[in-house]
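Enquirer: According to Swiss-Prot:
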- 1-730: topological domain 'Cytoplasmic' (TOPO_DOM)
- Ser129: phosphoserine (MOD_RES)
- 481-505: region 'Disordered' (REGION)
- 486-497: compositional bias 'Basic and acidic residues' (COMPBIAS)
- 553-581: coiled coil (COILED)
- 731-755: transmembrane segment (TRANSMEM)
- 756-765: topological domain 'Extracellular' (TOPO_DOM)
- 766-785: transmembrane segment (TRANSMEM)
- Glu782, Gln785, Asn808, Asp811, Glu1003: Ca(2+) 2 binding site (BINDING)
- 786-806: topological domain 'Cytoplasmic' (TOPO_DOM)
- 807-825: transmembrane segment (TRANSMEM)
- 826-832: topological domain 'Extracellular' (TOPO_DOM)
- 833-855: transmembrane segment (TRANSMEM)
- 856-864: topological domain 'Cytoplasmic' (TOPO_DOM)
- 865-894: transmembrane segment (TRANSMEM)
- 895-903: topological domain 'Extracellular' (TOPO_DOM)
- 904-939: intramembrane segment (INTRAMEM)
- 940-951: topological domain 'Extracellular' (TOPO_DOM)
- 952-986: transmembrane segment (TRANSMEM)
- 987-1165: topological domain 'Cytoplasmic' (TOPO_DOM)
- 1126-1165: region 'Disordered' (REGION)
Amino acid sequence: MQDVQGPRPGSPGDAEDRRELGLHRGEVNFGGSGKKRGKFVRVPSGVAPSVLFDLLLAEWHLPAPNLVVSLVGEEQPFAMKSWLRDVLRKGLVKAAQSTGAWILTSALRVGLARHVGQAVRDHSLASTSTKVRVVAVGMASLGRVLHRRILEEAQEDFPVHYPEDDGGSQGPLCSLDSNLSHFILVEPGPPGKGDGLTELRLRLEKHISEQRAGYGGTGSIEIPVLCLLVNGDPNTLERISRAVEQAAPWLILVGSGGIADVLAALVNQPHLLVPKVAEKQFKEKFPSKHFSWEDIVRWTKLLQNITSHQHLLTVYDFEQEGSEELDTVILKALVKACKSHSQEPQDYLDELKLAVAWDRVDIAKSEIFNGDVEWKSCDLEEVMVDALVSNKPEFVRLFVDNGADVADFLTYGRLQELYRSVSRKSLLFDLLQRKQEEARLTLAGLGTQQAREPPAGPPAFSLHEVSRVLKDFLQDACRGFYQDGRPGDRRRAEKGPAKRPTGQKWLLDLNQKSENPWRDLFLWAVLQNRHEMATYFWAMGQEGVAAALAACKILKEMSHLETEAEAARATREAKYERLALDLFSECYSNSEARAFALLVRRNRCWSKTTCLHLATEADAKAFFAHDGVQAFLTRIWWGDMAAGTPILRLLGAFLCPALVYTNLITFSEEAPLRTGLEDLQDLDSLDTEKSPLYGLQSRVEELVEAPRAQGDRGPRAVFLLTRWRKFWGAPVTVFLGNVVMYFAFLFLFTYVLLVDFRPPPQGPSGPEVTLYFWVFTLVLEEIRQGFFTDEDTHLVKKFTLYVGDNWNKCDMVAIFLFIVGVTCRMLPSAFEAGRTVLAMDFMVFTLRLIHIFAIHKQLGPKIIVVERMMKDVFFFLFFLSVWLVAYGVTTQALLHPHDGRLEWIFRRVLYRPYLQIFGQIPLDEIDEARVNCSTHPLLLEDSPSCPSLYANWLVILLLVTFLLVTNVLLMNLLIAMFSYTFQVVQGNADMFWKFQRYNLIVEYHERPALAPPFILLSHLSLTLRRVFKKEAEHKREHLERDLPDPLDQKVVTWETVQKENFLSKMEKRRRDSEGEVLRKTAHRVDFIAKYLGGLREQEKRIKCLESQINYCSVLVSSVADVLAQGGGPRSSQHCGEGSQLVAADHRGGLDGWEQPGAGQPPSDT
């Protein structure tokens, strides 16, 4: 058994080797306007089939076949029915195209092969793809080829001209079919050796059936060879008999006439196959021909041999059962031929591989997975790989439903092979290749000799490159993926990025089973843009909300790298976001508390990343706009205070903290403190939690420390401390404090800048020093936000994330300008420059106030509108500047051609046209009657020069045109752009506002309770806690928490159950859709048609039984007549002869018909 992966360049060798083998290759140009060209080879009848097969692959570069259809039939002109013509022209060519098949047919333009050639021609003319073509190889005996001498005298390097005759044949000679492109011409063999063409074709079919090929170059499927019988004369029986002895399956088209109809009538009743019955069939199918009794007897023997291999024969009637396509019929014929009576799964693998290669999951369900065989996971591993590589999600689902265990199937080695099988034209292949090249150059820089030269052959990607690609897309959400699976290393991976030893590979055992097989397959499918398969893996895996959001993030990043497919990826990204949103809706409707916990729990499969973090990275605005997420954010925003508390009450408590201990502000009911062991154990259930917003660990600590606090300070001290923390720790209070203090900061800045800004040495004054200190506390807070937020992140990445926020950039600019302004202000020589810089800095600090509007439902979306309009203005200014410069330079050249002063040139070229847009038109320069200037040299130095009046009319015309374009056209264009931007944002105003609201709540949730300048106390507290290694207050626990293992598993199981409910509802909606109802109706109609076809088959069997009964009654009547004609010895003799006759007929024996004197058949009775 050999693997066929494609052309093998070493077989056969050069032209001299081919001549030694008797091969003479050449090219032929057919006449006519089409200028068709074909390749041919003249071979001896005894050539080895392996040499011929290698010639087709290596020399002619034909793609390795997944199926070979050998067309056998009538080689003389005959009347073809319309349905049979459609089967050949549409069904056969379509089946060959869809399955990657070769068609072996006659090379002569006559009979059945003529129609096949026309079908191939029509397909080549209609097809727009050069990659998908139908391979039709014509074989013929050289002795039957018209213009044979032209082909015999052809040289290999010089194409010969072959005349194309309209008739196609002259007596027994026929011309080559110009619709084919490859010809095998068999030279006549020695006399008495029979038909060399038939012998060679049989040996070639046998050799091809012993080769292996497969989709994707897997080389795991035996190449099936199917013989298709259409019409045919009785001499075809010898060909069929020898083929079935080689276990070649046959598909017989009923109604095509000739020997095909004879076989169709006799294949189901081999016990009645006697010469008399065969003769009757031959006379019916060939009424114009006369056959000798010796031929009848010989053909009857062949028919008996053929019908004894019924498992290789498939009879199909397209006139009555025409609802199925020919490729389906072919696959069923192959399944029937290779089907064994054994119940071992190994005996069904080849037919299962064929079904996978041809994507016929319906046949796999009905013929293979019908309950007769018990499949094990190990039996389906090979076909599972084929289905994954060739993107057959329905087969993957079928295998999983019938015993395939993905946990046992997916090892890291097999996952690595899946990534190595990605298409070379995909974006993933380019990314992996780029990462591999970066690693090679890194190792080369370290002096590794083997890494200096690029590896030969196709790139062998490893999971190391995959993990680096995923890290670019998912950042911290894939930390530790595909690294050493030892527990210690896994814990280190969760805490921080793993550091690989210099010059070493990842220590990952490729034989180890994947810890999260569904997640790994899901990522593999998403990276390859296989949406249907990825959706199935998502449905089968855990942590569905997090997985869908991770897919959103991946597709968003990939769309930035591949702009051509950005629209398609955006559609799929929205689909995954919809999956996450719908699944969370299902969870939220079932349990609000568990849904909140789902948002903040650290997902085990995604490197301890929360759903909120993934949604932020994926910019999933629709997810944040969900009512459940907003309800959770509302609880976080108000903390333990009652939601909806009036702002005036909050402001009163902020200005007078003693009011916190009154009933001015309502706090949540405080549950009685429980410190028993049973109470602590109750925390394992989410349903027993009073509020799911705070971390379980903090609640346990409160319960443990409660008796100590009561013992030390008493209940009143506990009440005062708890109320104080609840008020000042709420994000709404932090936000209010920052807003109030920021207004105070701006008021102080205004006072200093306008009233108390003294030059040195009198200044700076006390209020100005207070302003410096205030800005110093602002700087400390920005440093904390940039470098002291997440301990598990590198400083460079922290700074990158900090700079990525636009408001942080605004803060950096404001602080930088303030430092520059203060530095200049301290120098007497640069005092005015310092005032100028500080004045500009005040404007930046004031614009920073816009950020607080994000919490307002009406004003929040307007910030997005302003931001997008600024981008629109940038592109608008490009068009405006083109007209501005063109008009300004032209008018300057016409009005002031001799004025070379640079400041005046700039003023007239740019500044004056810009003012003219707003209506300030200098008539004293344009209107000749209003010109007022002097040409005196002493007055000309500081005053404008007199304009030139030579082309005054042209300047006025240019002014009119300029005002028309800028004031009417461009301004209206800008208004239209602004209107479109406003409509887009306003249409999604609620979604934009809710997303902004989330970012604002998270920001102030993580900020210290005190606002600048008092925030310095909070910074000192954090510093002291770090110095004394005392654990700081983890407000982050409200947005990220680690659940105990039993509780975490309970949440995961609950989410999985909700996902199953969601998928069942989706399936129900799909079943109730109009398209699905129509599909089911069509399926039922097909079922009824098949049922009626079965009734026709039963009717045929009844008629067959009636004919058999009639035949037996005739025999019985003849015996009775013989017995009734005489008595005595003569009667006995006749009786014995009659008995022998009946016995011989029922045995089906042929010896009695070959006795001397029995050359003629008995008369019909």
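Positions of Cβ are set from backbone N, Cα and C atoms, glycine also.
So where do these features actually land, and what's packed around them?
Expert: Same-chain residues lying 6 or more positions outside the coiled coil (553-581) and placing a CB less than 8 Å from one of its CB atoms are 427, 431, 472-474, 477, 523, 526-527, 529, 531, 535, 538, 544-545, 611, 614-615, 617-620, 622-623, 626.
Helix, strand and coil counts under DSSP for the topological domain 'Extracellular' (756-765) come to 0 helix, 0 strand, 10 coil.
With a threshold of 8 Å between CB atoms, the same-chain residues lying at least 6 positions outside the transmembrane segment (766-785) that come near it are 745, 748-749, 751-752, 756-758, 802, 808, 811-812, 815, 818, 822, 1007-1008, 1012-1013, 1015-1016, 1019, 1022.
Classification of Glu1003 (Ca(2+) 2 binding site) by DSSP places it within a helix. Under a cutoff of 8 A between CB atoms, and with a sequence separation of 6+ in the same chain, Glu1003 (Ca(2+) 2 binding site) has no neighbours.
Applying DSSP to the topological domain 'Cytoplasmic' (786-806) sorts its residues as follows: 12 helix, 0 strand, 9 coil.
Sequence-distant contacts of the transmembrane segment (807-825) (same chain, at least 6 residues past either end, Cβ-Cβ under 8 Å): 757, 763-764, 772, 775, 778-779, 782, 785-786, 831, 833-838, 840-841, 844-845, 847-848, 851.
This prediction places the mean pLDDT of the topological domain 'Extracellular' (826-832) at 92.
Here the topological domain 'Cytoplasmic' (856-864) has, by DSSP, the following mix of helix, strand and coil residues: 5 helix, 0 strand, 4 coil.
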Enquirer: Centre the Cβ atoms of Glu782, Gln785, Asn808, Asp811, Glu1003, go out 8 Å, and tell me which other residues of that chain have a Cβ in range of the Ca(2+) 2 site.
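Expert: Everything else in range on the chain: Glu781, Gly786, Tyr802, Asp805, Trp807.
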Enquirer: Could you list the residues of the same chain, at least six apart in sequence, whose Cβ is under 8 A from the Cβ of Gln785 (Ca(2+) 2 binding site)?
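Expert: Set apart from Gln785 (Ca(2+) 2 binding site) by at least 6 residues yet with Cβ under 8 Å, we have Tyr802, Asn808.
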Enquirer: Per DSSP, what is the residue count of the topological domain 'Extracellular' (895-903) in each of helix, strand and coil?
Expert: 3 helix, 0 strand, 6 coil
Enquirer: Inside 10 Å of the Cβ of Glu782 (Ca(2+) 2 binding site), count up the other Cβ atoms and send me the figure.
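Expert: Summing over all protein chains shown, Glu782 (Ca(2+) 2 binding site) has 16 other Cβ atoms within 10 Å.
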Enquirer: Are there any residues in the same chain, six or more apart in sequence, whose C-beta is under 8 angstroms from the C-beta of Asp811 (Ca(2+) 2 binding site), and if so which?
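Expert: Non-local contacts for Asp811 (Ca(2+) 2 binding site): Leu778, Glu782, Arg848.
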Enquirer: Hey, which bits of the same chain come close to the topological domain 'Extracellular' (826-832), Cβ under 8 Å, at least six residues off its ends?
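Expert: The answer is 759-760.
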Enquirer: Hey, what's the Cβ neighbour count for Asn808 (Ca(2+) 2 binding site) at 10 Å?
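Expert: Excluding its own Cβ, the number within 10 Å is 15.
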Enquirer: Provide the three-state DSSP residue tally for the topological domain 'Extracellular' (826-832): helix first, then strand, then coil.
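Expert: The composition, in the requested order, is 5 helix, 0 strand, 2 coil.
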Enquirer: Under an 8 Å Cβ to Cβ limit, what residues of the same chain, 6 or more beyond the ends of the topological domain 'Cytoplasmic' (856-864), are close to it?
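Expert: Here the qualifying positions are 850, 985-986, 989-990, 992-993, 996-997.
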